[in-house]
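Q: Starting off with a structure, shown below.
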Ligand code: P6P
């Protein structure tokens, strides 16, 4: 019988990948796993308890905050605070972010976490998969000094770890520390994330394209031409492709990571910088996609090399199977 390997065991085992590591990153990943289990419990019963509906407040973008968004944000921040390894949390739900250095054990913490606590939350009440996306950086300033903008706005290539949790038909945690991508499925009977998808690789080519075609008329011409290309009959290139779009980034990305595909959220006339956020959606997902052998670009530059200008910055995103991303770039270049 195949031996069971929990997330905790795996993290410790992989700690030897980082000779300088003294366990802080391992403990930080453990803390995120704990919060994920707590959020999972509430997501799974969201339809049963009065946890849906808006808090009445709105988040920094004027969107109604659903109670589960707020709950997830609170759980991850609390777990990071109690764990003592994180000095600052940048969250979609927090306009300025949360500094933890004055919280006792976190004052010597070396890591910064950017997080989308519950991405795709508009899907909660229709029971469609939602997710958490996280990105981890090492602080640049010295412990004990004040945190700087340089600490908080680092390029994606400086991530030390990134991952997502998908609360779907099963709950999975998928992460990378720059040495490949591994997936863990939550076994509710023992309350542990167990290694289920070791060394995940995205197929070089696929036949799924994921884009909100409701925005078609507002897309750049190159994206319109690519969508038409996907819809043309051509047995030699496995077309027409299949359109699959859930509207929950983690769910769309996870499916394409497993089966191959391309996810496109381009700039539009209404959203000239795109909709997805760089620091806690695109950078962590781009790190995972590249580590799995795929490609992640805005259409003009590698996502992981973007110099961030502000915490909630938006960027266009074309992510997934390398050959498919390159085909989108071909159409963008031609147009
Ligand atoms: P649209 C969810 O709100 C989200 O941030 C991502 O999870 C998702 O990919 C995207 O927005 C969906 O946006 O405009 O297609 O509904």
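Going from the start of the chain as shown, residues are counted 1 onward.
Cβ coordinates come from backbone N, Cα and C, glycine included.
Taken from TrEMBL, the feature Mg(2+) 1 binding site covers 92, 116, 118. Sequence annotations record features per position, and here TrEMBL assigns Mg(2+) 2 binding site to 116, 119, 281. What TrEMBL lists as substrate binding site is 119, 120, 121, 122, 212, 245, 275. The domain 'Fructose-1-6-bisphosphatase class I N-terminal' feature in TrEMBL is assigned to 5-198. The domain 'Fructose-1-6-bisphosphatase class 1 C-terminal' feature in TrEMBL is assigned to 202-332.
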Q: Could you check which of the binding-site residues 92, 116, 119, 120, 245 have their CB within less than 6 A of ligand 1?
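A: Close enough to ligand 1 are 119, 120.
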Q: Quick one: among the binding-site residues 92, 116, 119, 281, which has the most Cβ atoms sitting within 10 Å of its own Cβ?
A: 116
Q: Given the recorded Mg(2+) 2 site (116, 119, 281), which additional residues of the same chain have their Cβ within 8 Å of the Cβ centre, ordered by sequence?
A: 92, 120, 131, 132, 133, 249, 250, 276, 277, 280
Q: Can you tell which of 121, 122, 212 has the most other C-beta atoms within 10 Å, given these are the binding-site residues?
A: 121
Q: Are there any residues at least 6 positions away along the chain from residue 120 (substrate binding site) with a Cβ closer than 8 Å to its Cβ? List them or say none.
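A: Sequence-distant Cβ neighbours: 128, 129, 130, 131, 246, 247, 248, 249, 250, 251.
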Q: Whose Cβ lies within 8 Å of the mean position of the Cβ atoms of 92, 116, 118, the Mg(2+) 1 site, other than those residues?
A: 69, 72, 73, 91, 93, 115, 117, 119, 121, 132, 133, 280
Q: Across the domain 'Fructose-1-6-bisphosphatase class I N-terminal' (5-198), what does the pLDDT come to on average, as a whole number?
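A: Overall, the domain 'Fructose-1-6-bisphosphatase class I N-terminal' (5-198) comes to a mean pLDDT of 87.
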Q: According to DSSP, folded down to helix, strand and coil, what is residue 119 (Mg(2+) 2 binding site)?
A: strand
Q: State which of the following binding-site residues has the fewest other Cβ atoms within 10 Å around its Cβ: 118, 245, 275.
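A: Each of the binding-site residues 118, 245, 275 was scored by Cβ atoms within 10 Å; lowest is 245.
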